[in-house]
Amino acid sequence: MAVRDTQETSRIGLHRRPWPIGVRLLVLLAFFAVLDVGFAGLNVTAAVTPAGGLAVGVATAATALLLYGKVVGRLERRATPEIALRALVPQTARGVALGIGLFALSILLIFICDGYRASWGSVSDMAATAGLMIGIATCEELLFRGVLFRIVEERAGTLVAAIASSAVFGAVHLVNPEATVWGAFAIAVEMGLLTAGCFALTRRLWLPIGFHLGWNFAQSGIFGATVSGSDGTAGGLLRGVTQGPVLVSGGAFGPEASVFAVLVGGLAGGAMLALARRRGRWRSGLVVHQAAAVGQHDSLHPVAEVELGENARDVRLHGLQRDRQLLGDLGVGEAAGHQPQHLEFAGGQDVERAGTRGHRGPEAVGETADQGFRHGG
């Protein structure tokens, strides 16, 4: 396995330094912003029919994910575990359920305060909207969480990344026809913080994509309401109309500008970020590099992510397989039984080796143990 893994990491360029963080951020933001705008227009055009909307939405999402893997992998000289396919179905499904549930609670509170009424729409409109939202949710999460949040977090930590990505996410919605400053703030709080928390907790993009999809689909595809101040026709199972005070109904921006949506989404986002911190997924601005993991056990994925703090004193590993711990508190997932493993840290700094056995943590940390590794999950 050692030979095969070494060849694989060499093939995808993990032993080379990634591009500078500022360059990566600018290039990736520009690339995926253009991609997002182009795909959004394509999805809106295709969503006039259920079949067209679904087909183009799924194709858009798949293409965007493929491009993300290729472009990010090339610029950052790494694999992309944040879009690992094995987590796609369970995490996306949970995200969709969370998004639908939270928006349904928001619209219920608006309805109780006489801010929403509805008549029957159609199933075909709901299907077309589903395809539209699949494409939009995927592209936006790749841009705002996959690129902006993740790269800012490398340098500034989770809290700053969550605030910054949420603020930018809200600000870009000011270009929508019915946008307001309050609406932009509202969407930054209720969706920006929650999707940031979803990514911080799982270190995957599937949960935030699922939440974004579920929230938007419930808003337009089920309850027939305006989404984020857009002037497109909202089509869904119901045809909704908001009424009354703007703080209750959201006004022309849609229910997302309702104080109820802000409270529901904001509280859920805060809870998600708190959960990520409690589970040790919070980061404090360490520089993220990549490590090639080579060893004797087939269940250990050949690529792991290693975070090297200043002077390589802080080391944490995040493997692609997280079900159980391999290195005790080091945090590499998936137990490897009791067979010896060797992890090579190739993050652009001095190469370190650690011999391990089973769950009990490192048995040896080589000649550089005096640098003082702090093991964190």
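Keep in mind that glycine also has a Cβ here, set from the backbone N, Cα and C atoms.
Given the structure is predicted, the values throughout are model-derived calculations rather than measurements.
Listed in TrEMBL for this protein:
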{"type": "DOMAIN", "residues": "127-217", "note": "domain 'CAAX prenyl protease 2/Lysostaphin resistance protein A-like'"}
{"type": "REGION", "residues": "352-377", "note": "region 'Disordered'"}
{"type": "TRANSMEM", "residues": "21-42", "note": "transmembrane segment"}
{"type": "TRANSMEM", "residues": "48-68", "note": "transmembrane segment"}
{"type": "TRANSMEM", "residues": "96-120", "note": "transmembrane segment"}
{"type": "TRANSMEM", "residues": "126-144", "note": "transmembrane segment"}
{"type": "TRANSMEM", "residues": "156-175", "note": "transmembrane segment"}
{"type": "TRANSMEM", "residues": "181-201", "note": "transmembrane segment"}
{"type": "TRANSMEM", "residues": "213-237", "note": "transmembrane segment"}
{"type": "TRANSMEM", "residues": "257-276", "note": "transmembrane segment"}
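Recorded stretches compared: 21-42, 48-68, 126-144, 156-175, 213-237; the one with the most Cβ pairs under 8 Å to the transmembrane segment (257-276) is 156-175. Residues 194, 207, 210-219, 222-225, 237-245, 248-250, 255, 258, 260-261, 264-265, 268 of the same chain lie 6+ residues outside the transmembrane segment (96-120) yet bring a C-beta within less than 8 angstroms of a C-beta in it. For the domain 'CAAX prenyl protease 2/Lysostaphin resistance protein A-like' (127-217), the DSSP-based tally of helix, strand and coil residues reads 82 helix, 0 strand, 9 coil.
The transmembrane segment (21-42) shares more Cβ pairs under 8 Å with 48-68 than with any other stretch in the list 48-68, 156-175, 181-201, 213-237. Only residues 6 or more beyond the boundaries of the transmembrane segment (181-201), in the same chain, are considered here, and those with a CB under 8 A from a CB of the stretch are 82, 95, 102, 141, 144-145, 149-150, 153, 158, 161-162, 165-167, 169-171, 173-174, 207-208, 211-212, 215, 228-229, 246, 250, 253-254, 256-258, 261-262, 264-266, 268-273, 275-276, 279, 281-283. With a threshold of 8 Å between CB atoms, the same-chain residues lying at least 6 positions outside the transmembrane segment (48-68) that come near it are 32, 35, 39, 42, 80, 83, 124-125, 127-135, 137-139, 142, 146. Taken together, the residues in the domain 'CAAX prenyl protease 2/Lysostaphin resistance protein A-like' (127-217) have a mean pLDDT of 96 on the 0 to 100 scale.
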